[in-house]
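*Asks:* Per Swiss-Prot, site 'Part of a proton relay during catalysis' is recorded for T48, Y111, and the stated evidence type is sequence analysis. Per Swiss-Prot, the feature pyruvate binding site maps to T49, I208. According to Swiss-Prot, the feature active site, proton donor/acceptor maps to Y137. Positions annotated as active site, schiff-base intermediate with substrate by Swiss-Prot: K166.
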Amino acid sequence: MSNRLISGSAVALVTPFHQDGSIDFEAMRRLVRFHREAGTDIVLPCGTTGESPTLTNEEEAEIIRVVCEEAGESMMVAAGAGNNDTRHAIELARNAEKAGAQAILSVAPYYNKPSQEGYYQHFRHVAEAVSIPVIIYNVPGRTGSNVNAQTILRLARDIENVVAVKEASDNFEQIMTLIDERPENFSVMTGEDGLMLPFMALGGDGVISVAANQVPKVVKGLIDAMKAGNLEEARAINRKYRKLFRLNFIESNPVPVKYALSLMGMIEEVYRLPLVPMADANKAILRAELEKLSLV
């Protein structure tokens, strides 16, 4: 029997801002309550969807503290805490642990394009610097290079608190290798809402989701249906929401999902540069789908 710590429906939480660009902590608390009431399993602030590249260390720590306070004991808080400088990544990981995070999501170093041994040493040093679980985040589309399956598996076997991977490579050969060869208690999560159904069919453990910001009950329902073996139910959910999953990436994440949340009355539509609002034509396309789904 597996005892995987990371599983189910996790939301990659947006960071709401006021018009002056400061963090809207009142809206942040509302979002966390929204997920608590929806039954979301894990809330993950300060990731890509949370615009972490434009947050200061101090802002990230305060966001994590507020999210932990609002989540209480009903949801795990796994905070984004990654950087392409290993020393900085260690600092962020320690800050997240101190702020109350129960786990961290550590992105693969970007821009540097390290070797596989470099990836291994980076994640080893980060994991050994904290006492909480570490989730590796492999997202070649943003980082510019791939952490190979064997490197991830080596980390999973060698380092006790490396407990999961958010695998967003879209490489199903790599995904199957991770699922088939992993240690028993190591979780494999997808980072792609549109791939939830096939990913779970292969034996995946869940999703770290963008769409859960808008439709947390839907995402949890799809994951739970797949876990229970209710394939037809999961297919029906996927069929209904597949276009929304795709339109959330009609422009760079998190711009579309934040626009949607603003239409839903949950946050103001404010981004930090270099992110800017969507083109009007794309706004119209996304709004039409939200209206079709009765979300606005």
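Even glycines carry a Cβ here, placed using N, Cα and C.
Distances, neighbours, how buried they are, the whole picture for these features please.
*Replies:* Same-chain residues at least 6 positions away in sequence with a Cβ under 8 Å from that of T48 (site 'Part of a proton relay during catalysis') are, in sequence order, A12, G80, V107, V139, R142, N253, P254.
Under DSSP, I208 (pyruvate binding site) is assigned to a strand (E or B) in the three-state scheme.
All protein chains considered, the CB of Y111 (site 'Part of a proton relay during catalysis') has 9 other CB atoms within 10 Å.
When other Cβ atoms within 10 Å of the Cβ of Y137 (active site, proton donor/acceptor) are tallied across all protein chains shown, the result is 26.
For K166 (active site, schiff-base intermediate with substrate), other Cβ atoms within 10 Å of its Cβ number 27. DSSP assigns K166 (active site, schiff-base intermediate with substrate) to a strand segment in the three-state reduction.
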*Asks:* Could you check which of the recorded positions T49, Y111, K166, I208 is the closest Cα neighbour of Y137 (active site, proton donor/acceptor)?
*Replies:* K166
*Asks:* When you measure from the Cβ of I208 (pyruvate binding site), how many other Cβ atoms are you left with inside 10 Å?
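*Replies:* The answer is 28 other Cβ atoms.
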*Asks:* Return the count of C-beta atoms lying within 10 angstroms of the C-beta of T49 (pyruvate binding site), excluding that atom itself.
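*Replies:* The Cβ of T49 (pyruvate binding site) has 25 Cβ neighbours within 10 Å.
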*Asks:* T49 (pyruvate binding site) to K166 (active site, schiff-base intermediate with substrate): how many Å between their Cα atoms?
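*Replies:* Rounded to the nearest whole number, the Cα-Cα distance is 14 Å.
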